[in-house]
Amino acid sequence: MTSRVQPSLLVAFWVLLMALLALLYTTVPPSPDQSQFDWMAYIATQGHPFYVGSFDMNWPGAMWLHEAGIRLFGVHAWTWRLTDFLLMLGFSFGGAVFLHRANWPLAAWVFVFLYPALYVPAGSWMAGQRDIIATGFLICACALAMQNAPKEGRSVVLAGVCVACAVLIRPTFLSFLAGLMFLECMPMRDIHPRTCSRSARALRFLAGFTLMIGAAICAGLALGSLDDWYRQSFQFATSIYIGEPPQDWRVTLWTLFVVSWNWITLMALFGLVVWALRDRLSYPLMLVLGIAATSTLSFAVQNKGFGYHLGGILLVLVLLLTIGIDQLDHWRRSVRTSLMRWGVTVALTGAVFLVLAGTAVKLENLKSGAVRILAGQFGPTDLYGLTEAERRDIISLIKDGSTPDQTVAVYGTHYDLPYRAQRLPTYRYFTPAADQIKPGFVHYDEWMAEVDQALVQTPPAFVVMTRRALPGPPDELNPALADRSILTRLQQTLSEDYKVVFSNANVVVYQSPR
């Protein structure tokens, strides 16, 4: 099919489409998690490393990507969206290379067009989140693992590096490395001839993984953040940040696969069947099933029920979908009777129509962003309790009412405000998750002493507060949060003549009297 179209025309159309998608993607507001990492990354660029200058229980991979984006593009509302879009393009090429090496040439072309078109409108709590990005590194690892002679050995090492990158973003993806090494012990048909023995490949996977993890540890040693990383990512995460899942996993699965991804899932199942019929349990098929298994296991281990924890499945579904289209096109060209050719052509036409129509419906979710762009209003659309106009007003208040050496305290999830205002936090424990600590926690006294000292020595010039914490005046703490130690300290600070300078149904902003 692609042979009938000039490759130069396809490339030109792809460049135009990607430019439009990138522009639309910059209007998608960052999720609270992404805004938090943006602020943490800005803090890191000011000489305060992750974990030392800001608190989080996640591993540092995603934070480093956010920091790279800020160092490349500066502090903007769209910085992470552009950074993530470029990453996604790299992962799209990785998927295309994998499909090409698995002998699905048309699927490779379809994938580089379709995956970005479905990724961008996936939603702010899906696109750009850690799980879907980590899965991108896994598909690149799969593509590298499929490299044949004479570059096989080097590529297998790089595949291990890619797996390590995924693990540094989402540590529950470690199971994929075990799966890679296990596959080298299994008797299965290889697509391409190999120069390395199976044991040598397994050792090279492990060597590449160890090399990258070792580099991360060395970076932590150089920055002096390893101890804080251990306290936050291990001690806090295992003793405090666990409990009952906030969302029912059955509802999540229904919402994703039946409501949101229904046509994608159906076509992916068809692609899986035709792939298995053609190649049986071949090495590339097992790699893709391994990605799906890794994402599913990660979802179960995290036990939160969040849909974005299954974000990596979207890449697998799109990849399998393109294989189904490739196989239909192959049947169309290879069947001998005109009747069969007509039937397959109808099926292929229907599949293409379904893909185009379904993708168009997904892209319609970006209509408000397109309207903003056409009106010459660049920036994220309204979401998370604030309009973009309100965000800009608050950012101007913070910039005009404080100096760069003054701090901002946040209680809630509106980290984008101090990030875009380019102000540092009053204390590093600024996430609501950190305020789950209780007196029995091993570092409770030390952490609370740090908060108390910061509120006295560098009191916040502004406080951004969620209405859920203080639904009324500063002396009216939400009874459901009365046991939150950091919130209680912050409430005491607000009672020292802080004045309200902005208020709506979701957010209150206070300014220091000094």
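Note: Cβ is positioned from N, Cα and C throughout, glycine not excepted.
Note that TrEMBL annotation is computational and uncurated.
On a predicted model such as this, the values are computed, not experimentally measured, just so you know.
Away from its own ends, the transmembrane segment (9-28) comes close to residues 2, 78, 81-82, 84-85, 89, 109, 112-113, 116-117, 120, 123-124, 127, 363, 366, 368-370, 372-373, 378-381 of its chain (Cβ-Cβ under 8 Å, at least six residues beyond either end). What TrEMBL lists as transmembrane segment is 9-28 (among others).
The annotation transmembrane segment is assigned in TrEMBL to 78-100 (among others).
Below 8 angstroms of C-beta separation, residues 1-2, 10, 14, 17-18, 21, 24-25, 28-31, 34, 85, 88-89, 91-93, 95-97, 99-100, 132, 264, 306-308, 311, 314-315, 318-319, 321-323, 325-326, 329-330, 355, 359, 362-366, 383 of the same chain, each at least six residues beyond the ends of the transmembrane segment (106-125), sit close to that stretch. The transmembrane segment annotation in TrEMBL covers 106-125 (among others).
Beyond the ends of the transmembrane segment (156-183), by six or more residues, the same chain brings 59-62, 64-65, 130-131, 133-135, 137-138, 140-142, 144-145, 147, 196, 201-202, 204-213, 216, 283, 286-287, 290-291, 293-294, 297-298, 301-302 to within a C-beta distance below 8 angstroms of the stretch. According to TrEMBL, the feature transmembrane segment maps to 156-183 (among others).
Beyond its flanks by at least six residues, the transmembrane segment (203-226) meets 49-52, 60, 145, 153, 156-165, 167-168, 177, 180-181, 184, 196 of its own chain at Cβ-Cβ distances under 8 Å. Taken from TrEMBL, the feature transmembrane segment covers 203-226 (among others).
Residues annotated as transmembrane segment in TrEMBL: 253-276 (among others).
As annotated by TrEMBL, transmembrane segment applies to 283-301 (among others).
Annotation source TrEMBL lists transmembrane segment at 307-328 (among others).
The transmembrane segment annotation in TrEMBL covers 340-361 (among others).
Comparison of 78-100, 253-276, 283-301, 340-361 by number of C-beta pairs under 8 angstroms to the transmembrane segment (307-328) places 253-276 first. Within its own chain, the transmembrane segment (283-301) has Cβ neighbours under 8 Å at 98, 101-102, 131, 135, 138-139, 142, 145-146, 170, 172-173, 175-176, 179-180, 183, 186, 188-191, 249, 275-276, 309-313, 315-316, 319-320, counting only residues six or more beyond its boundaries.
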